[in-house]
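Asks: Annotation comment: TrEMBL describes B:11-502 as domain 'Cytochrome oxidase subunit I profile'. The feature transmembrane segment is assigned by TrEMBL to B:12-33, B:53-76, B:88-109, B:129-149, B:170-191, B:211-231, B:251-269, B:289-308, B:329-349, B:369-388, B:446-469, B:505-529 (among others).
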Amino acid sequence: MQDPLKTLCEDPLERRWVWMSLFLAVLVGFVLGLYALSSNIHPPSNVETIDSTRLHLTEEFAEDNLGVKQNEDGSLTVTMVAARYGFFPPEIEVPTDTPVKFRMASADVLHGVHAPYTNAATMIVPGYVSEFTTSFPTAGKYSFLCNEYCGLGHDSMWSRLTVVDKSAGGAK
Amino acid sequence: MNDYKAPGLALANMWVGFIAFAAAVLLGVYQVVERIDLVPALKSPELYFGSVSTHGVLMGFVLTTFLIMGYGYYTATTSLKQPLWNKPLAWFGFYLAVIGVLMAAAPLLTGNAFVLFTFYPPLVAHPTFYIGAVLLVVGSWVWCLEMIMSTMKWKKANPGETIPLAMYGTTANAIMWLFTSLGVAAEVLFQLLPWSLGLIDTVDVGLARTLFSWTLHAIVYFWLFPAYIAFYTLMPKQAGGKLLSDQMGRLAFIMLLVISVPIGFHHLYMGPFQAAGWKFLHMTGTMLVAVPTLITGFTIIASMEIAGRLRGGKGLFGWIGKLPWNNPMVLATGLAMLMLTFGGFGGVINASYSMNVMIHNTQWVTGHFHLIFGGTTVIMYFAIAYYLWPKMTGKELHSNGMALKQLWLWFIGMLVLTLPWHQLGLDGQPRRISSTPYDAELVEKWIIPEMAMIVGGVILLISALMLVYNLYRTHGNQVAVAVPEVEYAEPVHSIARMPHLMNSFGFWVGLIIVYLVASYGYPIAQFFLMETFGAVPWSI
C-alpha cells in the first residue's frame, strides 16, 4: 500500500516519524485504558447530585452518621462533609489493606482533597456527591489536605487520617 | 513605505502585554517568598490570593492576548504584503481590550475579585471583574475577525496561490480561539455575570466547570501558537538555513486547530459531575494532541540541522556547535525545545486518566504549566520581540548581548523554579496555598525545594527587567535597522501545488464542530436533563 502521507512530505524519515508519533499516542492511550479496565482504576465519576444547603437533613450526611462504617462484606465506607475550613469528622482511622469507599459532600463552596503518598483524592463540588474507593497498604499517619482554593482560610483546611496495621487490631 | 505594515498597532499591543508581564513577575516573586512562611511580616492570605489572582490574569489573559494580537497584526501585513482588512476596527479592538483589563483590575486591586484566574464559582467576584473579562475577550474577537478577513481578502486577490505559512498558522489560531473562547464566554454571560448581579440566585458549579474546561485546554494552545509560528517561519532563516517542510507546519497547525478544543476533560478527572467514559474519550484526544508537537519537534530540529550543516557542521552532532547561538531567535528556540521536552513528560502524567490522581492540584501541575507556558511559550515571545522590535521601530536592538544573557537567565531561572515544584507535588504540596500550617513531618520535606523556588523567582525577575529595559532602550537607539523587512524562512522543497485542504479552513471548521458536539454535547446537556442543585454566591 502506498503511504498516504506521501503527498504531504517528501522526506521518508519524516514520514516514519509522523507514523511513530501517532503510534506513540495510541500506545499510551491503550496502556492507560488497559490498566483502567484490568485494575479497575477510574477517577471519581459517579455523577450523583445532592442539595448542599440541606446536607444536615439527609440521612447519609447528617452529623451523627458521618465517619467510618463497616459493610457486610468486610469493606468500609467513610462518609465525610467538607466545609470551610475543615473535613468532618476531623479524625479518621482505617485498617491497612482494606477497601475503603469514601463518600464526600460539600456544605458550601468548592473543595478538594488529597492525602499525600496515597492515591486518595477527589474534587468536592457543591451540588454533587464525590465517591472513590481505595485501600492503604502502609500503616501510618496521613493528612487530608484541601487542594481547591476555597477562601482565605484555605491553607488551614486539613484533617488527619490514621492507617493502622490490620493484624494489630483493625478498625474500631 | 512602512505604513501598510501598521507597526504602531503591533507595538501598542505588545507593549501592553509586556508591561502586564513585568508587573506579574514582580507579584510572582512576592508569592514564592510569602508562601513558605519565611518572613512572618509578609504573611497575609488576602495579599497572597489577591496576588495569585492578579498574576494569573496578567500572565494568562493580558500578556498572551495582547502579544498574540500584536504579533498577528504584524504577521498579517508583512507575510501577505497588504494592509490590514480594517485598521480602525483593529484599534477599536485594542482599546476595548485595554478598557476590559482596567475594569477587571479595579476589583482585583481593591480586594473584590480574589477568585483566581479560573474564576472558582461559587466564590463570587464584583460584576466589573466579569464585565472586564468579557470586554477583553470581545477585543480579541475583533482580532480574530481581522485575521480571517485579511486572509480571505488576500485569497481573493491571489487565486490559486498558497497562503504563506505564517499567516496560515495565525489564521488557524484565530479560528481556534473563536471556538475556544465560547466556553468561558457562555459561563460568564449566562452564569457568573447575571449571578453576581443578583439576577439569578444560584449557579450549577458542575456546569460552570464543564464550560470552563471547554476553554481551559485550548487556551494554552492559543498562547503556544505564536511560538510554533516563530519556530517554523522565522527561526530557520535566522539559523542560516531552510525549513525542512512547509506542509508539516500546516499539518501541525491543522491538528492543533481541530484537536485542541474538544479535549478539556483532563482538567475534570477529579470532578464527580462527569462520567468516566467521557473522561476517557477526552483523554484519547489529549494524547493525540501531542502528535503535532512531536511533528514540530522533528521538523524544527531537522531544520536546525540543515542550517548547521550548511554552515559547515560535520558528523552526528557537529552541526549543533556551528549554529549561530548568538542569534536570540536561534538560542530561544533551542532553550524552548528543551523546556518543552521536560514539560511534555510531566504533561503526559497530568493527562493520564489513572495517573493524574497522584498529582492533581499539587504543585506538580504548577511546575508543568510554568515550564510549557512560562518556559517554552514566553521565551519565544521574547525572541519574537527581539526580532520584530527593530523592524517595527526602525532602530537596531539596543543590546544583542543583553538579549542573549536575558534568555539564558530566563531558562536557568525557570528550571530552578519548576523542577523543585515537581518534587513538591510528588511530596503532596497543594498548589494555591499561602502558608503551610500542616503536619511538621510533611512540611519538613518541602523546605529545600521551597528555597530553590525563591532563587528561581529572583533570577526570573532580573531576566524580565532586562527584557523590558532592552526593548525600551531600542526606541531611542540612534543606529538605523540594517534589515527592515521580516525575513520569512523558505522551505527546502518549493511547493508546486498545495493540496486544497492545506490551504483552506472550511473542512476543518466542520470537523471541529462535529468533534465538539460529540465530546461536549451530552456532558453539557446532562445538567439540563437531571435534577441539579445550584450554589449561592459565597464571598472569600
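Each residue, glycine too, has its Cβ placed from N, Cα and C.
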Asks: Using a Cβ-Cβ cut-off of under 8 Å, list the residues of the same chain that are 6+ residues beyond the ends of the transmembrane segment (B:211-231) and lie near it.
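Replies: For the transmembrane segment (B:211-231), the sequence-distant neighbours (Cβ-Cβ under 8 Å, at least 6 residues beyond its ends) are 60, 64, 67-68, 71-72, 75, 118-119, 166, 169-170, 172-173, 176-177, 179-184, 186-187, 191, 249, 252-253, 256, 260-261, 263-268, 286, 289, 296, 300, 329, 333, 336, 369, 372-373, 376-377, 380-381, 383-384, 387, 520, 524.
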Asks: Which sequence positions outside the transmembrane segment (B:329-349), separated from its termini by at least 6 residues, show Cβ-Cβ distances below 8 Å to it?
Replies: 227, 230-231, 234-235, 238-239, 287, 290, 293, 297, 300-301, 304, 323, 355-356, 358-359, 364, 367-369, 371-372, 375-377, 379-380, 382-383, 386-387, 404, 407-408, 410-411, 414-415, 418-419, 422
Asks: Report, as numbers and ranges, which residues of the same chain sit near the transmembrane segment (B:251-269): CB under 8 Å and 6 or more residues beyond its ends.
Replies: 168-169, 172-173, 175-176, 179-180, 183, 209-210, 212-218, 221, 225, 228, 232, 278-279, 281-283, 285-286, 288-289, 291-293, 295-296, 299, 350-351, 353, 356-357, 360, 502, 505, 508, 511-512, 515-516, 518-520, 523
Asks: Pairs of Cβ atoms less than 8 Å apart decide it: which stretch in B:12-33, B:170-191, B:446-469, B:505-529 has the most with the transmembrane segment (B:88-109)?
Replies: B:12-33
Asks: Considering only the recorded stretches B:12-33, B:170-191, B:446-469, state which has the highest number of Cβ pairs under 8 Å to the transmembrane segment (B:505-529).
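Replies: Per the Cβ count, the answer is B:170-191.
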Asks: Can you name the far-off residues of the same chain, 6+ from the ends of the transmembrane segment (B:12-33), with a Cβ under 8 Å from a Cβ of it?
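Replies: That would be 39, 42, 47-48, 51-52, 54-55, 58-59, 62-67, 69-71, 73, 94, 98, 101, 378, 381, 385, 388, 417, 450, 453-454, 456-458, 460-461, 464-465, 467-468, 471.
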